[in-house]
Amino acid sequence: MAIDGEKKKDPRAWDALTPSLAEWILDAIKSMGFEKMTPVQASTIPLFMGNKDVVVEAVTGSGKTLSFLIPVVEKLLRLEEPIKKHHVGAIIVSPTRELATQIHSVLTSLLAFHEPSAGALKPLEEGEKRKPSSTLRVVSQLLLGGTTTPAQDLSRFLKNSPNLLISTPGRLLELLSSPHVHCPQSSFEVLVLDEADRLLDLGFKDDLQKILSRLPKQRRTGLFSASVSEAVGEIVRVGLRNPVKIAVKVKGAGGDKMTPASLQMSYLLTPPTHKFPALLSLLSQLQPTPQKSIIYLSTCAAVDYFQPLLEAVLPKQFALVSLHGKHPPNVRQRNFSKYVAAVSPTILLTTDVAARGLDIPQVDLVVQIDPPSDPKVFLHRCGRAGRAGRKGLSVIFLQPGREEDYIPFLEIRKTPITLFKRPEISTTDDAAKILISKMRKEVLADRALYDKGQRAFVSWVQAYSKHQASSIFRVADLDWTDLGNAWALVRLPKMPELKKWEGDKTLGIKLDMSEYAYKDKVREKARRVAMEEAKNAGPYVPTEEQIARKKQREAWSQKHEKQDLKELKREKKKRKREIERLDKMTDEEKRVEQEKERELQALIEQVKRRKIEDDADEEFEGFAD
């Protein structure tokens, strides 16, 4: 019986952890606003601090970053003596520069409360070297490709002698290859692989294996992943010793869900020309106004094209920031920092570079203008909202017709989406025409936007044709006129997919292309010079090589048609041979053959069912931080 007045400790209270956390860590956590541990933190931190390898799967916004940072810091500060100069005690590997930067930022906020480590955060003067200290402290170094050279990284390492490295795989491998960087068993304590499935998706498997080969086997390892696929399982077998698996799921009425309970996932059925009017209606009607929103497009070229068009039509209170994988590293970092630091309503216009790994705080709304090519990415896009218990809304725009099959397709994968009903989003053809006219006005004002639109539309069609759910997203079903108008194009581009299309490629826009000018005077002058030279050179005569290359160009759909025709012919020949074989058999032989066929079909169905269940469990459980 409990003693009167004695209060039972909340198992998710930070001071209830065993082993207990240092007082300064409790102060740091309190300052960050984390009153209680999330389930993944409560499950992971005690095990990881207590000499266990861990494999952690959890839904998005579950607080995984602190789940490994706290144990790593505690391990380094509980050593019997400081780590030797130029020896590494811990490494955290991240798949992207942005995520590595965020992890380092959270670590810096944490270490600001530990006086010896906070002192090490101050940059050294030119030529000054970090003095050895008898006091235990954490000295970190962030390694990012594209921002510094490997030589600069090594120079900084030798100058600061960090004991904790946070890095992307390629740059880490380059540093570990130096004879001046040491990771012996006597010094090295812990390795963390964050977003392990993403590391493998991005093709870092060879780099990871080389990194593991340079580290001592006697170490603690934490693997954090949205899902433990077969490839991730291989890393687990090679790199971890008897790990404890921690899987944190969200219970729903229909069983386990792959997303937080605070996230509403919805869809709207809109033809292409109504997508942007529906977006503006959604942004205007939501109450309270979403402070941070993310809009997903399928390609980098589409982001570059639509950014100036959306800036011209968005409600005035919304700022727009773009981010995609083809931006130079400094531009990506600048734009990302601008979006995160924004205090007024801001929209991030992006591709799947922001679908995983970017821990963007307080995202209210996610809108998917284009469904992702990989169905797995759908979950991770949605998961940017509704993090850490905060309410969030995700809306995907689907075209009426075959794309509606995407709804049951997602439900099979434990990702149910519902029709968005409140507030009611209604658009009209007239409203769509007015908006398209405003966007087209921007395009007509600068030929550079025309060029961007042509490239972006071609890249979008290619992305659409490569969709993994190819039976749902079919190029053959696209309405080219509606799409061209939705994109505010003034001409449909020359592309193989439109070769046999007999519609109006001018979209009804009367335009003298010879007088269609660039805003940039230098580009416009160059265009006119080139046009004059072409006029003086006489009629264009293609070379034999150009003619041959033109003949080789085929639409994706045509290639598939040829493959299908070959497959059909093979199938017909196979059936004919089978009929001839059966004609030569006795009745008894036919009966035995039919019995074997039934058994084989039953076995195939059993394997298929098991495969579907396994895929649903493995591919769609959890999100990344």
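Placement of Cβ uses the backbone N, Cα and C atoms for every residue, glycine included.
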Out of 14-42, 275-303, which range is noted as motif 'Q motif' by Swiss-Prot? 14-42
Out of 102-105, 194-197, 438-441, which range is noted as motif 'DEAD box' by Swiss-Prot? 194-197
Within the predicted model, mean pLDDT of the domain 'Helicase C-terminal' (278-436): 89
Is A58 (ATP binding site) helix, strand or coil when read with DSSP? strand
Would you mind checking how many other C-beta atoms are within 10 angstroms of the C-beta on G63 (ATP binding site)? 22
